[in-house]
Amino acid sequence: MRFFIPIVAFFIAQGTAETTTVYSTRNYRLPTTTSQTDGTIYVTSTRQLAITTSSTTNSGSSSSLSVQTTAVTDCHFHDSVQYCINGYGVEGSIVPAPTNTDAAPTSYEECHSHDDEVFCIYQGNEVQFIAVDEDGSDESESSSGTNCHFHAGVEHCVGGSADVESCERVDRDYNIPLRIGLLFVILVTSAIGSFGPLLLKSWFKLSTDGIIITIIKQFGTGVIISTVFIHLITHAQLMWSNSCLHIVYEGTGAAITMAGLLVAFLLEYFAHRVLKNRVSLTKGHAASTKEEEKQVVEVSSAESVPHGISVNDKISVLIMEAGILFHSILIGVILVVAGDSYFITLFIVIVFHQFFEGLALGSRILSIENAKMHVKLLMAAAFALITPLGMAIGIGVLNKFNGNDPSTIIALGTLDSFSAGILLWTGLIEMWAHDWLHGSLSNSSLWVTLSALTSLIVGMLLMSLLGYWA
C-alpha cells in the first residue's frame, strides 16, 4: 500500500505507546495493517530510513527518541582515511578525506541523499559518507590491493575502483612553505645530475670513451628509454582516458607521440642536410682563417663516420634536451598540485627522477665535441632550472588548478605525448643504436661491453621502479 506524508505510526515499546510523526519528501512502501474499529494504519515492520527531519513525542515516558540523521559525528582517522558515525551508529568513511588531519572536522552537518549515496556539507564543500559493511570494507569500493597516487592533482588508483566521480575541482589543504623550500632541493638535485658528468670529466680528465663515462652514458640511455615507456606514454594515456575528457578517437595520444617522433627526425634530417651542404661549399674554397680550417677538418673527419656524425651531435643533444625540458616542466607542476597526503612520497620519487635524467643529459652534453664549454654549461643549467620553474608555476596556480578540467587534460596530455615521441627518437636512435651499432661499443672489449650492458639495464630498472609511485 502506497501512502504519502505525514505517516502516523504507533509503536509498542516496553509496554508504553510512543507516537512518532515522520515528515519526508519521498514516498515509501511499508507493510501495514488497518484497524477494523477506527481505521488507524499501523506499521507492522520497520526498516532504517534516511529522513531529513523528525519530531518525537513520548506518552508516559520521560525518555525521547533522539536519532541524529542530518549529521555524521565522532569523526576520527585510521591512517589517512577519516571515519565517522551516522545517526544509526553505522561507521563510514569520508570521501575525499581531509588532507590536513590536524585541522580536520570532527563532524559534518547538512547530510542529505542523492539516489543511494549520502553527502554532507562542511564549510560549503560537499563530501560523501560511504557506509562500511560488516566485513569492514566500504560499500562502494574496497581499498585493499590498491596503489593510489596523483597525476596532475588527480588521485588515480590501480588495483581497485579508480573511476572519476566528479570533474569539479577538489579543494585541498596545501603546505605552501614546504613546497617553496623543497623547490630548492629539486634545483640542487637537478644541477648535480646535469653538471656532474661535466665536472667529473673536467676534474679527472676522463676520456669520453673511457669505462666510467661509458657506464654513465649507458645508465642515462636506460633512464631515457624507461622515461618514454613507463612515465611519458603511460601518463599521457591516463590523461587521454580521463572520463572528464570525451575523446572520440582512442589513438589521440599515440598519434601525438608519432608526431613528436616525426618532428624529431625531420629536425635532425634537415640539419644534417644543411651541414653537409655547408661542408661542400667550404671544401670548394680555400680556408681564409684558422677557424675555417678547423671547421673543415672537423667536418671532413665527420664524413667518414657512418652514423651520428660529430658535427651533428649538438643538434641531436639539443633535440633530446627539448623533449626532456617539455617533460620536466610538467613534472614541476604535477608535483606541487599533488595533495599533502602524497606530496612527500612523490617528492622523493621526483628527486631521484631528476637526478637520473640529469645524468642522462649531462653524459650526452659532455660528449659534444663541437661546442664550447659555456654552451655546455648553459644546456646543463637549463635542465637544472626547468623543474623548479614548473614548481613555481604550480604554486602560482595552486588554488585554481583543476586536473580534471578538459583544457588542462589536453594541454598536459599533448606535452607528455609529444615529449615521448621526441625522446623515443633520441633514446632509441641517437643513444642506444648509435652507441651499440656504430659507436665505440660496437667493437669494445668483453669487460666494457658487459659493464655498459649492466648499466643500461640498471638505468631501465631503476627508472621503471620509480613509475610505481609516480
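Glycine residues also receive a Cβ, built from the backbone N, Cα and C atoms like all the rest.
Residues or ranges marked as signal peptide in TrEMBL: 1-17.
Taken from TrEMBL, the feature transmembrane segment covers 176-199 (among others).
The feature transmembrane segment is assigned by TrEMBL to 211-233 (among others). Long-range contacts of the transmembrane segment (211-233) within the same chain, counting only residues at least 6 positions beyond its ends with a Cβ under 8 Å from a Cβ of the stretch, are 197, 200-201, 253, 257, 320, 327, 353, 356-357, 359-364, 366-367, 416-417, 419-420, 423-424, 426-428, 431-432, 435, 440-441, 444, 447-448, 451-453, 455-464, 466-467, 470.
What TrEMBL lists as transmembrane segment is 253-271 (among others). Sequence-distant contacts of the transmembrane segment (253-271), counting only residues of its own chain at least 6 positions beyond either end whose CB sits under 8 Å from a CB of the stretch, comprise 233, 236-237, 239-240, 312, 315-316, 319, 323, 413-414, 416-422, 424-426, 430.
Residues annotated as transmembrane segment in TrEMBL: 317-337 (among others).
Annotation source TrEMBL lists transmembrane segment at 343-365 (among others).
Under 8 Å from some Cβ of the transmembrane segment (377-397) lie the Cβ atoms of residues 176, 179-180, 183-184, 186-187, 190-191, 193-195, 198, 317-318, 321, 324-325, 328-337, 350, 354, 357-358, 361-362, 365, all in the same chain and six or more residues away from its ends. What TrEMBL lists as transmembrane segment is 377-397 (among others).
Residues annotated as transmembrane segment in TrEMBL: 409-433 (among others).
Sequence-distant neighbours of the transmembrane segment (445-469) (same chain, 6+ residues past either end, Cβ-Cβ under 8 Å): 147, 149, 211, 214-216, 218-223, 225-227, 230-231, 234, 345-346, 349, 352-353, 356, 360, 432, 435. Under the heading transmembrane segment, TrEMBL lists 445-469 (among others).
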